[in-house]
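Heads up, the thing below is written out as structure tokens.
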């Protein structure tokens, strides 16, 4: 009977509003960033590729011929071809990764004579974490289309050719910066490092594509 008061005190503390506010925080599940990285990688890769490819092609063609229709036509062709290529490539790549991981899981199971309840639960969790080829392909194609549409939308309403070229370059730079920040925030990594890496990498890719496009176009015009 002497222990009853202490038991009642414990029950009152558990049922108190303060304890009820703390419990949801304790039961909150931690975010699986490894699983998030699967679609995040495909999305950022597609967006960067779409932006860099279409922007550099448009500026390369624009440096040869001051025709907005030619720039938009090349940009739209790059959008469609690039989105299809990214989707197929990502689907094949992730399917191969999934097959390798599945085969490795089967080999690990065959080495065990019996699986306990804990082992079976771990196997189920691993299967749930396997990469999804369809999800990766759709994310990559959609992201490529979004990235490629930015320079197209920036150029379609501008009549002055020099201003159009400058706007495409500025929009591409801002978009690269946004992609870098978004990837860092969603992946819980360094924002500065991610942004600088994406912007500098995008500039290098656009400069190389621009120079090659202008060189090949100039040689073709002479022929």
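Keep in mind that glycine also has a Cβ here, set from the backbone N, Cα and C atoms.
TrEMBL: automatically predicted annotations, no manual curation.
According to TrEMBL, the protein carries these features:
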TRANSMEM  39-58  transmembrane segment
TRANSMEM  70-88  transmembrane segment
TRANSMEM  136-158  transmembrane segment
TRANSMEM  165-186  transmembrane segment
TRANSMEM  198-217  transmembrane segment
Other parts of the chain folded back onto the transmembrane segment (70-88), taken as Cβ under 8 Å at six or more residues beyond its ends: 45-46, 49-50, 53-54, 57-58, 61-62, 137-138, 140-142, 144-145, 148-149, 151-152, 155-156, 164
Residues from the same chain, set at least six apart from the ends of the transmembrane segment (198-217), whose C-beta lies under 8 A from its own: 44, 48, 51-53, 55-57, 59-61, 63-65, 172-173, 176-177, 179-180, 183
